[in-house]
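Asks: Mind having a look at this structure? Questions to follow.
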Amino acid sequence: MCHMAACALLSYVSIVFLKIVPFQRIKSMSQFLRIATLSIVFCASVVGGNISLKYLPVSFNQAVGATTPFFTALFAYLMTLKREAWITYLCLVPVVGGVVIASGGEPMFHLFGFIMCIGATAARAFKSVLQGVLLSSEGEKLNSMNLLLYMSPIALVVLLPAAIIMEPNVLEVTVSLGIEHRYMTILLLLNSTMAYGANLCNFLVTKHTSALTLQVLGNAKGAVAVVISILIFRNPVTFTGLAGYTMTVMGVVAYGEAKRRYK
């Protein structure tokens with residue numbers, strides 16, 4: 001919620017006061033509905049991912065998230081009829097197959113957590129394709145900073161009542177933590193600023209490459225998160241699970257090579 005407020009504020013300052021990019025108005029109701037849908041799906045992906053972390057270790061959560069390119073390729077075809085070279089789709093097989101293997105060998109598997117994680121993964125893929133449409137479609141094209149400016153307040157409006165209902169004491173806890181820990185406010189602002197930068201870079205990568213490439217690149221981050229999770233939290237990993245993670249990473253590498261050769 002704080003991240004969305006920061007994104008809205010920083011986007012407004014960058015566009016209106018600093019004039020880094022020209023201000024763009026919403027041109028149609030269709031465009032507004034797409035932006036609103038993007039904001040709601042974004043919230044669903046974040047909330048679903050956070051809920052899944054309550055039931056699944058970070059390593060397994062990241063492994064399931066590695067299937068995002070598969071969902072992205074599916075949504076990209078259904079929404080834009082955009083096809084990749086057959087070898088590119090073939091490279092997604094080990095990405096998905098690795099997660100299936102890791103699921104079977106995960107000692108801390110939880111069905112509800114797995115369902116929430118898959119739902120968040122599909123929502124993240126749909127969001128990537130939809131933001132690609134908003135950033136590149138003729139007639140309704142927005143630049144990355146303006147898209148953040150419009151989607152952030154909508155996401156904030158969606159998350160605020162949800163946070164109040166699901167976490168009724170969230171404001172009291174936040175204020176008390178800010179008083180108890182003098183650097184809490186600074187860290188929160190820093191974290192929100194970094195979230196703004198991450199979302200802006202996310203949009204720029206989508207605009208200049210593709211939604212599918214964005215998600216495959218994100219799997220590299222997932223592989224790092226798996227290793228860090230195992231080192232920090234010491235959650236158990238079986239040989240089968242490790243083999244699945246390895247297959248997923250190899251699929252990511254193969255995808256990158258296929259895109260380089262057949263673009």
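Every residue gets a Cβ built from N, Cα and C, even glycine.
Whatever TrEMBL says is automated annotation, not expert-curated.
Reproduced below are the annotations present in TrEMBL:
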DOMAIN    3-255  domain 'Sugar phosphate transporter'
TRANSMEM  6-23  transmembrane segment
TRANSMEM  35-53  transmembrane segment
TRANSMEM  59-78  transmembrane segment
TRANSMEM  85-102  transmembrane segment
TRANSMEM  108-126  transmembrane segment
TRANSMEM  147-166  transmembrane segment
TRANSMEM  186-205  transmembrane segment
TRANSMEM  212-233  transmembrane segment
TRANSMEM  239-258  transmembrane segment
Asks: Quick check for me: are there 3+ Cβ pairs below 8 Å between the transmembrane segment (6-23) and the transmembrane segment (147-166), leaving out pairs under 6 residues apart?
Replies: yes
Asks: Are there residues at least six beyond either end of the transmembrane segment (35-53) with Cβ under 8 Å to its Cβ atoms? List them, or say none.
Replies: 26, 61, 64-65, 113-114, 116-117, 119-121, 123-124, 126-127, 130-131, 134, 147, 150-152, 154-155, 158-159, 162
